[in-house]
Amino acid sequence: MGSSILPDLGAEILIPVCAVIGIAFSLVQWLLVSKVKLSPGRDSGSPGNNGAGGKNGYSEYLIEEEEGLNDHNVVIKCAEIQTAISEGATSFLFTEYQYVGIFMVAFAILIFLFLGSVEGFSTKSQPCTYDKSKMCKPALATAIFSTVSFLLGAVTSVVSGFLGMKIATYANARTTLEARKGVGKAFITAFRSGAVMGFLLAANGLLVLYIAINLFKLYYGDDWGGLFEAITGYGLGGSSMALFGRVGGGIYTKAADVGADLVGKVERNIPEDDPRNPAVIADNVGDNVGDIAGMGSDLFGSYAESSCAALVVASISSFGINHELTPMLYPLIISSVGIIVCLITTLFATDFFEIKAVKEIEPSLKRQLIISTVLMTIGIGIVSWVALPSSFTIFNFGDQKAVKNWQLFLCVAVGLWAGLIIGFVTEYYTSNAYSPVQDVADSCRTGAATNVIFGLALGYKSCIVPIFAIAISIFVSFSFAAMYGIAVAALGMLSTIATGLAIDAYGPISDNAGGIAEMAGMSHRIRERTDALDAAGNTTAAIGKGFAIGSAALVSLALFGAFVSRAAISTVDVLTPKVFIGLLVGAMLPYWFSAMTMKSVGSAALKMVEEVRRQFNTIPGLMEGTAKPDYATCVKISTDASIKEMIPPGALVMLTPLIVGIFFGVETLSGVLAGSLVSGVQIAISASNTGGAWDNAKKYIEAGASEHARTLGPKGSEPHKAAVIGDTIGDPLKDTSGPSLNILIKLMAVESLVFAPFFATHGGLLFKIF
């Protein structure tokens, strides 16, 4: 078997050190962003103020952009708008966290009661699940520690989302002000802010998990099976918070969007992002709570779950049985190296290459994905050589499978490269630089109906390559290292999470920057620059969603494998009626969930429209611009509506595994998990890409950058109106239903895994009666 080259002490030092480096790097980026001042009276054009000398597109633009460089009113106005957005986002998240806090406590009690009752709350040691000859800690201990790790995961997820939202609202106005000095400066400010979020989240997730494992070890000692089974609660906590963040934030952002447009643009005939519109702040707040806080919690959940799934399988493999600490912590070491790789990659965007023109923005962001993937492949190779013994065994449904360290390297690498492929396919189908979106735009000539038909077809077609990529990575990783291979393949896809999140958070920050430029009354040249940043951000957001969906598919399959092992099912036979009815019901769940979230957007938007109308009718001087609208009430309406509407979809996802497990047992539940995974992935990919394509088809017509686009435009033309209809239909698809579905498939799997001991002992009540 042999032992690993890296000693245990080395692994114990490497993991926290990398996490601390990640946190330190994000603080440095934050300091660089904070050098852009939001108070007038200081020459904000001093070239050295962003730590990059005279680079990054100053020289060409400074001369032609002197018109508004020291306009104090603009700076003050930007600061005011930014404060309003920040207050709105904070108020929403606090309200959301109050409700979610109640749920957290209730669910924690449920975990404790269900898992504690497995052995009748006995405090005696029990025979181990996988090796009856040894004695392990009692089920009561698993109940207590699972509850603690659930709360830890939930709190970390909430903090990740909240910090991301704070940095995004801190950076949006600064990006607007930097746009006066050129597109390069604005890009760097937005990208650095995204990096703050990416690194904070990756490092925090890793550090909290590592500390939890070490604290739990004080009690569990040599019982690693029990220890890592209790750690699975961490993933459950992370994902259950992400579900509410994603659904609530998604409903919020789209309700505010529709409300602001209907009353402002249509009824009152004021421009988009006009500060007199009471819903305009809520609209900008929505970008931060949905796309930033929701996305942050979502990817943190994926990361926590794939780590937990890998650790559970490893604890019952040779690593856990022989108590080899370094190979046991292999999943965490991959994530640690990922932080360092992403750090180097980020420097390519902020320090090594300067952006001088608009057309360089998107290639620079794509370069981030490629550089991080290539460097990470080398990193994984080194880690697999140093941290793993040359050969070892992996638990494979009751047997031990012999595996070599190079095979495990291939498992992680195949996940990593599948992620890149999914990212690029998503970009091909959603960026208006390529023919699919241009075809959708072209179909607007004959009206909205053909636009919708083309858009739907594009979404369905965009599933093909990602599904093959996921299928190949599953086949390769399972062939080499059983379920552990799939878990580390998911980790491979998420190993560059810091860069992925930086690119993803960049989008909403640029979007907000454009809104602030409009509200502060800046020149159209500046608006053009922020629009260029925003257009690139739109595509990168779609790539981020592709990553999240791809990793969710692998993560939930790995969790499914861990659940099947834990529930002591030897095979899942599709031909047995118990399993087949589960498959059918599971495949239906994503449709039911999507129906709920889509309808919620509609009903939340209705309430918003009524409130905006009320303010225009009752606040004197609002239309003239002499009175300030009551932004807070609008934000509160959107908040309350979205929180009320997020509870039914959340309950559907959280209660399904419990009801199925208790009444129908583990076989039916395994069918439900498989069914929801298979159908959920397809709907999630097609919904996100259809919505993204419609949005960019509209932007393609509006920008009028090519001869073809100009034949369809300008704004207000019939093809443009058809494109706007497609965009409105696509909004809830790409920002509410699509992104929430990947949480549905992961969350049901991780919840089933946490409750597996209870279901295996007491589940299947209906079948026991009959």
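Including glycine, each Cβ sits where the backbone N, Cα and C put it.
Database features (TrEMBL):
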- 13-33: transmembrane segment (TRANSMEM)
- 99-118: transmembrane segment (TRANSMEM)
- 138-165: transmembrane segment (TRANSMEM)
- 186-213: transmembrane segment (TRANSMEM)
- 328-349: transmembrane segment (TRANSMEM)
- 369-387: transmembrane segment (TRANSMEM)
- 407-430: transmembrane segment (TRANSMEM)
- 451-476: transmembrane segment (TRANSMEM)
- 482-503: transmembrane segment (TRANSMEM)
- 547-569: transmembrane segment (TRANSMEM)
- 575-593: transmembrane segment (TRANSMEM)
Segment-segment contact (the transmembrane segment (451-476); the transmembrane segment (547-569)) at 3 or more Cβ pairs under 8 Å: yes
Seg_contact(the transmembrane segment (13-33), the transmembrane segment (328-349)) with at least 3 CB pairs under 8 angstroms, min sep 6: yes
Beyond the flanks of the transmembrane segment (328-349) by at least 6 residues, Cβ under 8 Å: 6, 11, 14-15, 17-19, 21-22, 25, 29, 188, 191, 195, 198-199, 202-203, 205-206, 209-210, 213, 224, 303, 306-307, 310-311, 314-315, 319-320, 364-365, 367-368, 371-372, 375-376, 379-380, 382-384, 387-388, 408, 412, 487-488, 491-492, 494-499, 502
